[in-house]
Amino acid sequence: MGSQENDRAILEEGLLQSERNGLYTGDSSVDFHGNPVLKQNTGNWKACPFILGNEGCERLAYYGISTNLVTYLTNKLHQGNVSAARNVTTWQGTCYLTPLIGAILADAYWGRYWTIATFSTIYFIGMCTLTLSASVPALKPAECVGFMCPPASAAQYIVFFLGLYLIALGTGGIKPCVSSFGADQFDDTDPAERVKKGSFFNWFYFSINIGALISSSFLVWIQDNAGWGLGFGIPALFMGLAIVSFFSGTKLYRFQKPGGSPITRMCQVLVASFHKRNVKIPGDSNLLYEVQDKSSAIEGSRKLEHSNELKCLDKAAVISDAELKSGDFSNPWRLCTVTQVEEFKILIRMFPIWATGIVFSAVYAQMSTLFVEQGTMLDTTIGSFRIPPASLSTFDVVSVIFWVPVYDRFIVPMARKVTGNGRGFTEIQRMGIGLFISILCMSAAALVEIKRLELARELDLVHKPEAVPLSILWQIPQYFLLGAAEVFTFIGQLEFFYDQSPDAMRSLCSALSLLTTALGNYLSSFILTIVTYLTTRNGQPGWIPDNLNEGHLDFFFWLLAALSFFNSLLYIVCAKRYRPKKAS
């Protein structure tokens with residue numbers, strides 16, 4: 001028995017020495033079999049192509065559905081403009097709400113690898129179901145005859161929305177885990193690898209938009225010209241390729257062990273601090289409870305340094321006289337470690353920054369809804385070629401593809417000289433720049449709509465549901481500005497919620513960043529509903545009628561620009577008060 005303990009001690013000392021020498025990772029990562037991993041054989045950029053390939057194919061599949069979905073709902077399922085826009089934003093919101101499910105499973109039980117694998121399968125089944133609903137004649141309504149458009153039956157709606165919401169569930173295990181799993185391939189304790197991780201988030205978002213570029217151009221054209229069965233079938237094929245790409249890199253991946261339920265740990269802090277609400281907090285924070293081991297009591301997590309904010313939660317880590325006498329510190333519902341308390345504090349500190357992302361996501365939601373509907377009322381022809389309105393989102397993607405390498409290769413080195421920050425801008429600064437650009441985006445959309453409505457009045461088209469002779473290419477600036485805003489805000493969010501989150505809560509924090517997109521879509525639906533209700537009273541057509549020539553879509557865009565402006569002011573206040581985490 002003693003010999004076994006000595007052997008284990010020698011092995012642990014050897015691993016620690018190898019870690020100090022830089023042979024093994026220092027962030028508690030393991031290989032597929034749970035063993036410590038050598039840096040030279042695993043992770044880093046050698047593992048990333050499989051993850052980026054998976055993300056690129058999955059995003060192609062997702063955008064192959066979402067980019068032109070509003071057109072399918074209006075032209076094939078014969079829904080009205082407001083109803084179709086509301087269904088799209090509600091579905092997209094759900095796609096960004098389900099990541100909470102996947103994140104909790106990944107952090108608490110399955111780990112990121114198996115969560116991605118399981119939910120990818122659900123995703124693929126949903127894609128196949130959606131393809132069938134658009135391919136089998138009995139599963140879709142008949143075509144319109146003149147102005148007579150037969151509505152879809154209940155069964156047809158059930159099959160279509162079953163496939164659509166299986167996809168939404170499938171995204172729940174992929175979205176919060178893939179970016180974090182990719183970042184896990186870089187050792188956070190190695191300064192060189194930590195810098196590379198900053199570039200990973202840029203190229204991760206770049207791969208997303210390569211998939212989106214193909215979807216918004218080639219696939220939208222296929223859907224509008226060759227049929228929706230093929231237009232949905234190709235994304236289903238690419239989802240299959242995404243799964244193959246992910247599994248192909250298994251031997252090269254670094255894995256983080258799940259640390260137990262973060263929800264449970266937060267509840268334990270609340271319960272313990274309430275139970276000890278009358279206990280006095282010691283003046284010396286070193287007297288608060290913490291395990292003496294190198295690692296924290298939470299699996300796969302480093303210790304966190306004590307902070308002086310939210311001191312009421314520190315009571316959960318105060319050792320009571322009874323616990324001191326008994327020597328029993330094992331009940332986490334009565335006594336929590338400093339690291340566990342700091343986990344909860346970090347989430348609370350991140351909340352104001354997180355909340356300001358909701359309005360930005362509401363702006364972003366217009367790209368696949370009202371921007372498309374605006375485009376249908378513009379001149380979509382260039383010579384003999386007709387541009388599908390949804391394809392204009394290609395310019396958003398082109399903008400992202402343009403700005404990512406420019407930001408990574410040019411802006412960051414220049415900003416680094418000014419700020420002294422290794423990444424050029426802090427995540428906080430980067431997100432703030434994106435929020436400002438979003439104001440310009442909505443203003444550009446409003447100006448285009450003002451010109452469009454002027455032409456409609458001049459040509460007596462107000463009461464005719466006809467496009468005005470204004471080129472759809474005038475929408476390019478609003479899409480290009482939205483792409484620039486994405487590069488700053490969304491990538492900044494990816495970095496912020498990964499770097500600032502506790503080690504054992506990274507999937508959950510990534511899901512929280514995605515939740516802003518869900519709430520932004522729901523906010524967009526809510527604003528649409530309220531605006532429609534208020535502007536259609538007394539028989540008025542409202543701001544967003546089925547015939548946009550009779551409405552005032554420009555007023556809606558100005559409303560979002562105003563909300564974005566006040567949101568940016570609130571963000572500046574929150575950003576100045578934010579204090580980053582400190583890991584020991």
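Here the Cβ of each residue, glycine as well, is placed from N, Cα and C on the backbone.
Heads up, TrEMBL stuff is auto-annotated, nobody curated it.
Features as listed in TrEMBL:
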type	residues	note
TRANSMEM	113-134	transmembrane segment
TRANSMEM	154-174	transmembrane segment
TRANSMEM	203-222	transmembrane segment
TRANSMEM	228-247	transmembrane segment
TRANSMEM	346-367	transmembrane segment
TRANSMEM	387-407	transmembrane segment
TRANSMEM	428-448	transmembrane segment
TRANSMEM	479-498	transmembrane segment
TRANSMEM	510-535	transmembrane segment
TRANSMEM	555-574	transmembrane segment
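Among the recorded stretches 113-134, 203-222, 479-498, 510-535, the one sharing the largest number of Cβ pairs closer than 8 Å with the transmembrane segment (346-367) is 510-535. Between the transmembrane segment (154-174) and the stretches 113-134, 228-247, 428-448, 555-574, Cβ pairs under 8 Å are most numerous for 113-134. Note on the transmembrane segment (428-448): residues 353, 356-357, 360, 363-364, 366, 371, 374, 419, 470, 474-475, 477-478, 481-482, 484-493, 495-496, 554, 557-558, 560-561, 564-565, 567-568, 571-572, 575, 578 of its chain, located 6 or more positions outside it, place their CB under 8 angstroms from a CB of the stretch.
The stretches the transmembrane segment (113-134) and the transmembrane segment (479-498) do not meet in space: the count of Cβ pairs below 8 angstroms, excluding pairs fewer than 6 apart in sequence, stays at fewer than three.
Residues 179-180, 183, 198, 201-202, 204-205, 350, 353-354, 357, 360, 363-364, 367, 371, 392-400, 402-404, 407, 423, 425, 427-428, 430-431, 433-435, 437-438, 440-441, 444, 506, 509-510, 512-513, 516 of the same chain sit 6 or more residues outside the transmembrane segment (479-498) yet have a Cβ under 8 Å from a Cβ within it.
The list of residues near the transmembrane segment (510-535) in space but at least 6 beyond its ends in sequence, with Cβ under 8 angstroms from a Cβ of it, reads 82, 85-86, 89-90, 92-97, 99-100, 102-104, 175-177, 179-180, 347, 350, 354-355, 357-366, 369, 493-494, 496-498, 501, 542-544, 552, 556, 559-560.
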